[in-house]
Amino acid sequence: MGQAGSKGLLTPLECILKNFSDFKKRAGDYGEDVDSFALRKLCELEWPTFGVGWPKEGTLDFKVVAAVRNIVFGNPGHPDQVIYITVWTDITIERPKYLKSCGCKPHRTSKVLLASQKVNPRRPVLPSAPESPPRIRRAQFLDERPLSPAPAPPPPYPEVSAIVEDTREGQQPDSTVMTSPPHTRSGLEFGAQGPSGMYPLRETGERDMTGRPMRTYVPFTTSDLYNWKNQNPSSFSQAPDQVISLLESVFYTHQPTWDDCQQLLRTLFTTEERERVRTESRREVRNDQGVQVTDEREIEAQFPATRPDWVGS
C-alpha cells in the first residue's frame, strides 16, 4: 500500500499534495491554516520515526493513521502537528473521489465495513479516555451546583462487527474484529466494556481560590466520533430527527467547544449540509432583545466562521 507501483499511480502523499486545496479547505473548516511543505516534512521525516509503521510516502491504512494520531495527541504530544494528522484522518475516513483518480486504493486492512450481526444486534460503544490532547486541554471553573441528571439513554443500537474488506478479487473478507484506534479514552479494544459516565468535564480533585471544584476538559476522540457516526449512518438530509436527537444528547452531556462543534460538523454532515447549517445558523443570530441581527460584525462575534481568539483561553 502506498507505493506508486505503475505509471500514472500516485502515492497517498503525492495525491494529497496534488489536491492540497482540499486539504487546506478541510483545515480551514477547523479554523486552522496549513502548509504543503510542512505536510511533506511531517509525512516523509517526522511520522516515520514514531515507530508505528508510517511509510514516508504516506498511507491510508487507518490503523497506522490512528496510531500516529495517538502519538500526536498524546503526552507530551505534538501540538503543531494536530491539524495535519486530523485532516489526514478525515481524508482516510471519507476517501474523497480524487484518491481513486490517483490510484490510491484502500489498504486491505484499513477499509472497515460495518455489518450487523444476525444474533443479538447491538452496537458497541467505546468508553472515554482518561487523558486529553495538550493542544486544547484547559481547566474550567464551574459552580458547585450539582449537574442535572443525564437524560435516559437511547434504545440499544444494533451491534456491529468490523469486517476487514479484502480488495483481492475472489477472496472472502477477513471477519476478524479490528481493534480500536490507540487513542481511546480508556485504552480498551474496540467493543470492550468500560466504565460508564466518562464525560469530558471531569473533576480533578482540586479547587480554585474561591473553593469551587476545578474540572478538566477532554475533547472528542476518534472513537467518540466513530461511535456517533456509526449510530447514525444516514445523513442529516435523510434522517434529520435522528441527527438532531444525537446532537441534543451530545450537547447536554459534553458541553462542546467551538473546536468540538467543527468536529461534529465534519463527522455527521456532508459538505452541502455543513454549508446549509452555517448559513441558516447565522440567520438565526439574535440580540439581547430577541431581534434578528443583520450587522455582519455582530453576527461574526456571536457565530464566528473561523476559530476565535478566546477558544482555549
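The chain as shown is numbered from 1 upward.
Placement of Cβ uses the backbone N, Cα and C atoms for every residue, glycine included.
According to Swiss-Prot, the N-myristoyl glycine annotation covers Gly2, on the basis of similarity to another entry. Per Swiss-Prot, region 'Disordered' is recorded for 113-135, 167-197, 280-313. The motif 'PTAP/PSAP motif' annotation in Swiss-Prot covers 127-130. Among the features that Swiss-Prot reports, motif 'PPXY motif' is placed at 154-157. Positions annotated as compositional bias 'Polar residues' by Swiss-Prot: 172-183.
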Q | Whole-number mean of pLDDT values that fall within the motif 'PPXY motif' (154-157) | A | 49
Q: Using DSSP, tally how many residues of the region 'Disordered' (280-313) sit in helix, strand and coil.
A: 11 helix, 2 strand, 21 coil
